[in-house]
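According to TrEMBL, the ATP binding site annotation covers LYS6, PHE7, GLY8, GLY9, THR207, ASP208, LYS243, VAL244. Per TrEMBL, substrate binding site is recorded for THR50, GLU116. Residues or ranges marked as domain 'ACT' by TrEMBL: 378-437.
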Amino acid sequence: MSIVCKFGGSSLASSEQFFKVKDIIESDPNRQYIIPSAPGKNKSGDQKVTDLLILLYNMAVHHLSPVEVMKMIEDRYTEIIEGIGIDFDLKGELDDILNTISAEKVSKSYVLSRGEYLNGKILAAYLGYDFVDAKDVIRFDENGLWDEKASYKAIEAMAKKHERTVVPGFYGATPSGKIVTFSRGGSDLSGSIVARGVHADLYENWTDVSGLLAVDPNIVPHPKKIRNISYEELRELSYSGAKVMHDEAMFPVIEKNIPVVIRNTNAKDEEGSCIMADVPLEENESSITGIACRKGFDVINLEKLRMNRDLGFHRKVFSVLEANDIYLEHMPSSIDSISLVIASKYLKNKTDQLIAELQTFTDADRITVDHNITLITVVGRNMKNKIGMSALIFKALADAKVNIRVIVQGASEMNIIVGVIDNEAEKAIRAIYNACV
C-alpha cells in the first residue's frame, strides 16, 4: 500500500508541529510521499511565510532593501531548524535566493515558491527522506499551463528511483526551468497530482481540523462533521465557497479513484472525513451533506414577451457576454424571462455598457439588475431521493423571512442554489441548516 501525505502550512508552522508531522509519518511505513506547504502562522501576530515572500518580491521590484523581511523569514526557519535539531545550511539557501533576486529580473512565482522549497528540504533532512525538487516533476508548458502528461511521466520515473520522498507543493517548472506556481492553496493540487502519478492507494490531506464540516462554523456554531463525501459533492462545495481543498485538487484522484482523507495534525487519532467515488447510504443519514456560500454576484434580469419564440435569443445574449469577457455563473429562465447570474468582479465599470448592448442585440422589453447577491449552495447526494427537499429549504427561508432572488437546481439533483441579498445570507444559512441537517 502506498500513501501520499500533504501537510498544510499550519501543520508545519513551527518545530513543535514538525515533531507531530514526523510522528504521523513514522507511525505508518506506507506514508512514502510527503508534500509540504510553506510554514503558516505559528502564533498570533505571525505572518505566513508565503505572505512574507510576497512582501519580499514587492520590495525587490521597487528596489527597496529586503534585509528586514529576509530576517523575518530567516527567523521562522531558524526556529524550526534549531528546534528539530538538524544540520541545515539555511544561510546558504537564503543567500542563493537573494542572489537570484538581485542578479536577474526574477519572476514572482520563483520568489513565492521558496517557502515550500525550503520547508521541503528541511523536512526531508529531518525525516531522512530523499528530496525531489517539484520543478523536476511538476511540469508546465512554456505558456504556464500545467502539463499533465509530462508531469505523470516524471513522477512515475521519480517513484522508481526514490522509495521515500519529499516533494514541495505549490509549484513546478517549464522545460526551460522557469518556475510556475498554482493558485494559493495549490499544495493540495500538488499532492493530488503526485498521488495520481505514483498510483497511490490513499491521499491524506493533513490540516488543522478533524475533517470537513457541514457548514462554516463562524456562521453555525459546532456544525456536524461530514464523515463521508463523494468527489462530486466536494467539488460542488469547494467551488461554492467552502474552505475545504483547492477546487482543482479532485481531478487527478478522480481519474484513478484514489480516496482522500482530511485529517488533523494536532489530533492524529481523531477520525477525519473520507472523500471517495461512491459513498454508501447510511441509515438515518441526512439528505444534505453540506452548505456553502459565495458573495459578490449581480443578477441581470431580461424580460421579453414571447422570448421562447425568438430564435437565437440566447445566442445573442451569450455573444454579448463573450464580447465583453464576462463569465456566466448561472442562467435560470422562464418562458418570457432569463436571469444572468454574474460575479460582480466581471461587471466592474461595465454594467451600463453591458445593459445597453443587451438591449440593442436582444430588443428586450425590460432589463433590471439586482446587486449584492450571495449564492447559497445546498449539496447532498441523497437529495434526489427525498420528496419535498426543495419545499423544506424554501419553507425554512420563508419562516426566517428571507426573500429568495434566484433559484437554480442542477441536472444531477445534487445541489440546490438560492440567491439572497448579502446581508441576509448568514440568517438564510442558519435557517437551512437548522431545518435540514
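Each Cβ is built from the backbone N, Cα and C atoms, and glycine gets one as well.
TrEMBL: automatically predicted annotations, no manual curation.
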Where LYS243 (ATP binding site) sits in the secondary structure, as DSSP reduces it to three classes: coil
Extent of the ATP binding site in Å [max Cα distance among LYS6, PHE7, GLY8, GLY9, THR207, ASP208, LYS243, VAL244]: 16
Arithmetic mean of per-residue pLDDT over the domain 'ACT' (378-437): 91
Greatest C-beta neighbour count within 10 angstroms, which of the binding-site residues GLU116, ASP208: GLU116
PHE7 (ATP binding site), number of other Cβ atoms within 10 Å: 27
Other CB atoms within 10 A, centred on VAL244 (ATP binding site): 28
Other CB atoms within 10 A, centred on THR50 (substrate binding site): 22
CB contacts for LYS6 (ATP binding site) [other CB atoms within 10 A, all chains]: 28
Residues in the domain 'ACT' (378-437) grouped by DSSP into helix, strand and remaining coil: 29 helix, 13 strand, 18 coil
Secondary structure at GLY8 (ATP binding site), reduced by DSSP to three states: coil
